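A.B. asks: Residues annotated as domain 'C2HC RNF-type' in TrEMBL: 44-63.
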């Protein structure tokens, strides 16, 4: 995970898992892992200098050859946008289907609805699902609060490549399953 995503998951009010978004319980430091990081040697991919993993982050920040190595990798995988982004639905902020409030992120919408609309039985369209490629903008959930609790405990962005078609995704899944054996 990148640092901004981890920081979002570790908000002081309610730290959550970066994958399933369930609440994290307080833990203790992994001293065995810290020792392993301090005693494991690695090589910088930029300048080939050997060092311990614990020193790699500070080295990478100052090694111009490593930064060039990273930029070459970024250039190799960067794609030109295939479509005009104005044609894509907004999958980052959502309106409340019960009231006029707007611009909730997924977690914010779930919290808002739990706090203010938990007893509202009106059938509504889930704005998160409606924004997805497979979503039906006309489908009204019979129990929206249960739907939120079950379907939106995690962000689809973690698991879904919206630009890949179904055949590409199936091929990727099959390749991963063969590697995992």
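Every residue, even glycine, has its Cβ placed from backbone N, Cα and C.
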A.B. asks: Over the domain 'C2HC RNF-type' (44-63), what is the model's average pLDDT?
C.D. replies: 91
A.B. asks: For the domain 'C2HC RNF-type' (44-63), jot down how many residues DSSP puts in helix, in strand and in coil.
C.D. replies: 10 helix, 3 strand, 7 coil
